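Encoded as structure tokens, the structure appears first; notes follow it.
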Amino acid sequence: MSEAFFRIDNFSCGYPGFKLSGINLSLEKGSFNGIIGPNGSGKTTLFRGITSAIATLEGTISLKGQQLDRLSLKERAQQMAIVSQFVDVDQVSVEDYVLMGRMPYHGRFQFFESKDDYEIAHNYMQLTDVLKHKDKLMTELSGGEQQRAAIARALTQEPELLLLDEPTSHLDITHQVRILDLLHRLNQEMGLTVLMVVHDLNLASEYCDRLVLFNDGKLFTQGTPDEVLTFDTIEKVYRTPVITRTNPYSNKPVIFLVSEKMMKETKASES
Amino acid sequence: MPTHKKYIKWLMAILVLAAALLASAIVGLSVGELKLSLADVWRMLVHGGEADSMEYLLISQVRLPRVILGIAVGGALSLAGVVLQGIYRNPLVEPFTLGISGGASLGVAFTIVTGLHLAFGSFMLPLFGFIGAFVIIFLVYTLSTRRGSINIQNMLLTGVMISFIASSAMMFLMATTSSDNLHGIVFWIMGSLDEPDTGLIYFTLIAGLVVLGISYLFVQPLNALRLGEEKAMHLGFNTNVVIRVMFLLASLLAGICVSVAGVIGFVGLIIPHVLRLMFGHDYRILLIGSFLLGGIFLVLSDVVARTIISPNELPIGVITGIVGGLVFLVLMSQKRKGN
């Protein structure tokens, strides 16, 4: 049996008062994956566990057959890049911010970026459409532009796996679609494996090849959007009634919310 | 060799600051109660002077050690300030926020009150000053470390609280001691570059340069920490180790400075800010720039302190506070106009 590109085995991690346990997950190279689930289900905890922001209690995570905890932090950063929910920046130019993505490749005595570093950074800034802003401060960019710069910085690490924690959660629909289109393009054209925590089930359905659904600190189910985003599953995990249909253009499941008002009106019209 | 315009700008800035440091040192050597011409000072520095002439003795025995200590303490306090602001991600942190000056002052006050400096020699003052600073650093460090990891926000709060306790303990000593001792403590607290032990002066300079060199080896993680601890870790840096090493180095360096020159506030806070206004937030220029500009600032402040009410001398801390604050306000208002 061939080794999975990214694999999580019997993994547990958590904080005092919340524990994520018994997680088994494997990702194929070049796949686009979404982690979904209600608030407090453990999505971001898993994300922080994978990125070693919180300690592993049990189990292993491996990338290309190598256990992550046996790699140095620099080796990890060369293979796995992370885009957080909020782009937390101080007074730094967009170009300098993106160039930080080359840090994992610098030795202790390399104090300055090389010509190659600039070429790589400019290439990804071009791809994410932030090269025109290179001399601006990050704080002068809009939320969507900041997120694109963060993706450019992550790509400048030249990783094989890109992890994103709700990259579109505070963006309007135009920027949500732009960011996810960009990620999809990178996934298709560069063969980049993507694992993304996402709240919006319809965006997850539209862009992800596979979805992993969390509930109460456990992996509830995983599979294609068709397999995961069913009426029963959503109602059970999110504890809210929904309507599931199929997008006539993409043939992917679409979730419609059912409000209390809508239910009352429906009942009234039926009676 | 990097050729990007940013690097050329930094190189030029460092050359200008180095030249300004040399110029301020020459001014510091020439100005005083007995004024010497800049040309005479330059001649004596380059070619030497008559060994027994008053001018030569004044420069070599009195003013040169003072200028070197000004460069060492100004540079070291600014460096400690910029490093601590980097690891705490807080622009208001300076070496003295964490109680280092409080600890050193308490150590010196204890020495003066108990008369240890009279019994064993004046070297007891810097020695106990450093011991006081070291105890505070040790307390802040250990109280902020839990299960091998360090909590940077707890560390700051712990430092501020311990600083209050140390200050209160020192005020207790001051309230209960004789007026002679009280005068000695107050005089020391005000800060001065008049240190008779040249060994201590050179030790301070070397310590500052060594910490500058080691800090530069951590310049990448310091830059990465601008994005936060977690993101710096994602870029491949063990932030826990970086924060510990940089905290200990910066604090010990500040402790040495306070022990040798007393409490000279504001330098560690104001100089990094001025540099950020001028050159941005990149630590590759901030570390070296802070050391050079801190040295310039303290040497020139000392010149003002020595001459403004000559033949008397003002405490240097008074000058650093007033001049530094005014310069900072002017730069801030210019920056706002520019924006």
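Using the three backbone atoms N, Cα and C, a Cβ is placed for every residue, glycine included.
These features come from TrEMBL:
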type     : residues  : note
TRANSMEM : B:64-84   : transmembrane segment
TRANSMEM : B:96-117  : transmembrane segment
TRANSMEM : B:123-143 : transmembrane segment
TRANSMEM : B:155-175 : transmembrane segment
TRANSMEM : B:200-220 : transmembrane segment
TRANSMEM : B:241-271 : transmembrane segment
TRANSMEM : B:283-304 : transmembrane segment
TRANSMEM : B:316-333 : transmembrane segment
Proximity of the transmembrane segment (B:64-84) to the transmembrane segment (B:283-304), 3+ C-beta pairs under 8 angstroms: yes
Region pair the transmembrane segment (B:200-220) / the transmembrane segment (B:316-333), three or more CB pairs under 8 Å: no
Top partner of the transmembrane segment (B:241-271) among B:155-175, B:283-304, B:316-333 - counted as Cβ pairs under 8 Å: B:316-333
Long-range Cβ neighbours of the transmembrane segment (B:96-117) (under 8 Å; 6 or more residues past either end): 84, 124-125, 127-137, 140, 155-156, 159-160, 162-167, 169-170, 173-174, 177, 181, 184-185, 188-189, 251, 254-255, 258-259, 262-263, 265, 268
